[in-house]
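Notes for the one structure printed next.
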Amino acid sequence: VIKCKAAVAWEAGKPLSLEEVEVAPPKAHEVRIKIVATAVCHTDAYTLSGADPEGCFPVILGHEGAGIVESVGEGVTKVKPGDTVIPLYIPQCGECKFCKNPKTNLCQKIRITQGKGVMPDGTSRFTCKGKQIYHFMGTSTFSEYTVVADISVAKIDAAAPLDKVCLLGCGISTGYGAAVNTAKVERGSTCAVFGLGGVGLAVIMGCKIAGASRIIGIDLNKDKYAKAKEFGATECISPQDFKKPIQEVLVEMTDGGVDYSFECIGNVGVMRAALEACHKGWGVSVIVGVAAAGQEISTRPFQLVTGRTWKGTAFGGWKSVDSVPKLVTEYMSKKIKVDEFVTHTLPFDKINEAFELMHTGK
């Protein structure tokens with residue numbers, strides 16, 4: 001058993017608490033990882049807020065991390081102690097019908113136990129003050145050591161800077177893949193990206209790499225426009241600057257609508273606007289943002305009858321074990337940006353400040 005520091009969420013709506021936790025050794029087909037760097041994501045904040053129906057407490061959150069394998073359980077063959085890895089919240093077992101189908105990346109092998117906050121055998125590897133602590137998204141990267149299933153880990157280039165590539169565990173991969181895998185943006189196309197946070201910037205990067213000729217960024221926070229343009233946005237607009245709905249503005253700006261739109265916020269009203277901003281006959285809108293539990297999307301069926309397509313994406317459609325090492329290689333060879341997504345680097349004990357910076361859009 002390893003004793004180490006972890007940020008524990010004891011209950012919903014309260015700040016994280018830095019505690020000493022005990023991390024049990026990995027069982028069969030499990031891997032214990034020394035986490036070197038983790039990022040914070042709105043998904044962590046969503047669960048912490050208490051709005052997540054799958055949220056269980058006390059829990060160690062975090063799902064964008066990178067580290068070094070410390071030890072492996074029986075039967076683990078893909079990684080060994082000392083390997084550099086990224087934990088994966090969407091695993092890839094290679095055996096289930098989802099993994100065998102090229103149309104999806106949603107491996108279901110451990111979905112049920114992962115959703116309940118436990119390891120595949122139904123138990124937890126974390127204890128604190130004599131209490132069992134739940135796992136989160138199969139990763140729990142807000143701990144100096146964590147235990148994950150062996151299908152939930154990608155071995156990456158040992159030379160990669162972990163304080164940067166941890167972002168490939170969720171946000172950057174999600175946005176980039178939404179553009180290149182899910183939408184399959186084409187050269188010369190016009191795109192609209194709603195929400196210019198980390199995921200939105202990654203979508204812009206993907207659209208640019210795919211050769212889009214016009215990329216319109218949409219956000220209420222104008223402080224985000226300069227960064228969006230750095231990533232490839234050709235122009236940025238705020239819905240507050242117009243008297244009419246933003247979809248009407250975009251349809252006028254683009255001679256009938258955009259070829260591809262992306263919702264990167266998790267707001268069902270914006271999801272509708274993103275679909276309705278698409279061009280009749282061929283426009284494709286991709287939902288990337290995660291809406292709160294129980295919310296529903298709506299539009300007039302005529303929008304779809306007249307040739308628009310509504311899609312969604314999880315982790316950018318990447319089959320995780322196969323793709324994450326390749327994404328790291330693309331970063332190392334300068335094909336994709338990663339460093340530019342990092343705004344602040346804080347010590348682990350300032351994790352609550354990191355959440356505050358995220359909530360204020362900084």
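Any Cβ shown, glycine's included, is placed from N, Cα and C.
Remember, TrEMBL labels are computer predictions, not curated facts.
Pulled from TrEMBL, these are the features on record:
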DOMAIN    28-156  domain 'Alcohol dehydrogenase-like N-terminal'
DOMAIN    198-323  domain 'Alcohol dehydrogenase-like C-terminal'
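The average pLDDT for the domain 'Alcohol dehydrogenase-like C-terminal' (198-323) in the predicted structure is 97.
DSSP labels the residues of the domain 'Alcohol dehydrogenase-like C-terminal' (198-323) in these numbers: 53 helix, 22 strand, 51 coil.
Residue counts for the domain 'Alcohol dehydrogenase-like N-terminal' (28-156) under DSSP (helix as H, G, I; strand as E, B; rest coil) come to 20 helix, 40 strand, 69 coil.
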